[in-house]
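The ATP binding site feature in TrEMBL is assigned to R13, K63, 95-106, S121. Per TrEMBL, the feature domain 'Inositol 1,3,4-trisphosphate 5/6-kinase ATP-grasp' maps to 30-229. The 1D-myo-inositol 1,3,4-trisphosphate binding site annotation in TrEMBL covers H74, K106, N208, G212. According to TrEMBL, the Mg(2+) 1 binding site annotation covers D191, D206. If you look up TrEMBL, you'll see D206, N208 marked as Mg(2+) 2 binding site.
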Amino acid sequence: MDSLEKIERLHNRISMLQVVTELEVECKTSSFGIPKQTVIYDAKTVTANYLENEGLKFPVIAKPLVADGSLKSHKMLLVFNKDGLRKLKPPIVLQEFVNHGGVIFKVYVVGDYVKCVKRKSLPDVNEDNLGRLESYLSFSQVSNLNTCEKKDDKYYKLMNLENSELPPLGLLGDIARGLRRATKLHLFNFDVIRDNRVGNRYLVIDINYFPGYAKMPNYERVLTDFFWDVLNRNDMGFKSLKEVRVLVGNNGCGEDEGTLPLSPLKMEENEKPIRV
Ligand SMILES: Nc1ncnc2c1ncn2[C@@H]1O[C@H](COP(=O)(O)OP(=O)(O)OP(=O)(O)O)[C@@H](O)[C@H]1O
Ligand SMILES: [Mg+2]
């Protein structure tokens, strides 16, 4: 559906988030951006001083530069102090770890359709404890931990997803529309966290092409409608696609929970229909 060349941009964690920094979205009550980050190609260059010069302080997350969906590309390190820096295997992206209350918002985009689902994430790190912690913690695919793993874990037992407030839906819709226009992609999702230091600042930390839509409530209907529209676009034209609806569920179970119509996403006048 989408061109490989355009998808390629999402396979590198720097170019992937670069697009977010270029978006022009106005929101009076909140702001958005990406975490501070730097790319490391040579392990020798990573020192505590280097981090400081880059405006980064511990804890930091080390993510493989390549984000191609392979097992390796999901292997991450949460680095608490300078000893942990020795474990890094470039090429990597070092990103500030932003406390976000242990909740991540996964925003699924299917053409004009946008849906936000809450998921449990890494817990906050108390800076006062940095000295007492191990130098690093390795992890992989936090958002894919299965429900049983989460149920057994003391931290996850304490979490109460239901009480966590969603980001402003207008903002998510605007970011989704901006990303769609900038990337010219139709099928992707992005991960958003709320910066606890600020409260109403949202950070996009990850964008994935053709994510596991099975985790999106009502995905069969949404995807079928989308492909139906694409197939019929010669008769209908993309402009006549249905109005965007941002559906928001708190745990991905309630299909119509929190349904909220936003202003329609209009295709750019000059955007050519996709050829299938
Ligand atoms: N800058 C950050 N600050 C705080 N937590 C973060 C940050 N970046 C990532 N995380 C945590 O690490 C997890 C994995 O990060 P990310 O989404 O970038 O990697 P991924 O391998 O593409 O993961 P997934 O496939 O699970 O989405 C996130 O779900 C979140 O819990
Ligand atoms: Mg992610």
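From the backbone N, Cα and C atoms, a Cβ is placed for every residue, glycine too.
Taking Cβ-Cβ distances under 8 Å and a sequence separation of 6 or more, the neighbours of G101 (ATP binding site) in its chain are D124, S164, R194, N196.
For D206 (Mg(2+) 1 binding site), the count of additional Cβ atoms within 10 Å of its Cβ stands at 20 [all protein chains shown].
Of the recorded residues, D206 (Mg(2+) 1 binding site) and R13 (ATP binding site) place their C-alpha atoms 8 Å from one another. Residues distinguished by a CB atom under 6 angstroms from ligand 2 are absent from the binding-site residues Q95, N99, G101, K106. Using Cα positions, the member of the binding-site residues Q95, F97, N99, D191 nearest to K106 (1D-myo-inositol 1,3,4-trisphosphate binding site) is identified as D191.
DSSP classifies N99 (ATP binding site) as coil under the three-state reduction. Non-local contacts of R13 (ATP binding site) by the CB criterion (under 8 A, 6+ apart in sequence, same chain) comprise Q37, K63, P64, L65, V66, A67, V93. N208 (1D-myo-inositol 1,3,4-trisphosphate binding site) sits 9 Å from D191 (Mg(2+) 1 binding site), counting Cα to Cα. Around the Cβ of G212 (1D-myo-inositol 1,3,4-trisphosphate binding site), 13 further Cβ atoms fall within 10 Å across all displayed protein chains.
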